[in-house]
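Down below is the structure, laid out as structure tokens.
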Amino acid sequence: MLDLKRIRNNPEEIKQIMQNRGEDFDNKLIDDVVALDERRRQILVEVEQLKSKRNSESSQIGKLKKEGKDTSAIMADMKKLSDDIKAFDVELNEVDEKIKYIMLRIPNIPNPNVPDGETDEDNIEIRKWGEPTKFDFESKAHWDIGTDLDILDFERGGKIAGSRFTVYKGLGARLERAIINYFLDMHTIDHGYTEILPPYMVNRDSMTGTGQLPKFEEDAFKVENNGYFLIPTAEVPVTNMYRNEILNGDDLPIKHAAYSACFRAEAGSAGRDTRGLVRQHQFNKVELVKFVKPEQSYDELEKLTNDAEDVLKGLGLPYRVVRICKGDLGFTAALKYDIEVWMPSYNRYVEISSCSNFEDFQARRANIRYKENGKGKPEFIHTLNGSGVAIGRTVAAILENYQNEDGTVTIPEALRPYMRNLDVIK
């Protein structure tokens, strides 16, 4: 959520920023919220004037009674004042709800360093690590490798649940579990994050706090009859751990790493990368979440991105980092990096992590603040998160980049201690 004061003071600037994002944004929302804000402030002034008049008349009643004079006229006037105040209170509540409705639908303001552009083709490559894997034999896609090795069962996943669900079997399941533990160990032991195991269902307030609702409700799995949502990422429960709280500045930055299953309807992605493990309705992920002081947030974003990169370096998987352009930035981020791993079957890099600084956008929605040294006026915190990284896509990348001509797959050395020193899947 943006600062309403900034919109009030610079409505035309905000309109231009929204148009430059490349999204289909209705600038009338800005005009409407400015008008509602003006009406809100008018109501507050009028209510204060009415209350002042009522207090003045209330003090006169005592004097009139002492003097034995008639108070009926002034009592009637006070009743009218009270009725008018109640009417304004009702209108104020209505105006506040309308303001909230609009504010929840206005996207974040991009950082000045976000490049111009409309699609992912306009994203800017920042750096690469490793070289794309080359083979001297005809390589296979991970869905064929997994099926041939009998470690991934797409057919039975479809029978059990439907398209874009997968059953991991035998060494496939063990590989997934090994990756989860490797990622968590690196982030907690080497990078200093505190591990969190969060609920996989959250309420509407939590989904609203991190920005999934109301805009992306069609992409969420909702549990009917009780208002719960299956989490699309551990970002949601971990960020909302601190909803409506005031943190101590001495405790910042707070760094959490959370493994969870993730659930996404992906309503707008029909036909996109739907084979294999790249785009599933249910998948596992280790998420990194930070709560930091505003002046530290962009340094912390660089550190978070490096932390996510480290797990790919440890696995020897070639990747690149791109800075996301305005049109591809999404609703909540002020600046975002994507980490893309090399996938031979696609002959291109594929997103495996997004690392974002939301500045105070989520904190305003979730009302997360801090006090410097635990004292003074509370200020909104900055929140950051990033995938550290997606597990299923890591499995896919390992199967494709570490495949051998005989159909086996070499297990990356870093994972072998988690797989009882097994070195090959065959």
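Easy rule for this one: first residue shown is 1, then count along the chain.
Cβ atoms are placed via backbone N, Cα and C, with glycine included.
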Return the residue out of Ser139, Ser163, Ser387 that Swiss-Prot annotates for the same L-serine site as Thr233, Ala234, Glu235, Glu287.
Ser387
Checking the binding-site residues Ala234, Ala265, Ile352 for other Cβ atoms within 10 Å of each Cβ, the smallest tally belongs to Ala265
Among Thr233, Ala234, Glu235, Glu287, Ser387, these being the binding-site residues, pick the one whose CA is nearest to that of Ala265 (ATP binding site).
Thr233
Would you mind pulling the longest C-alpha to C-alpha span across Thr233, Ala234, Glu235, Glu287, Ser387, which the record has binding L-serine, in angstrom?
9
I need the nearest neighbour of Arg264 (ATP binding site) among the binding-site residues Thr233, Ala234, Glu287, Ser387, using C-alpha distances.
Thr233
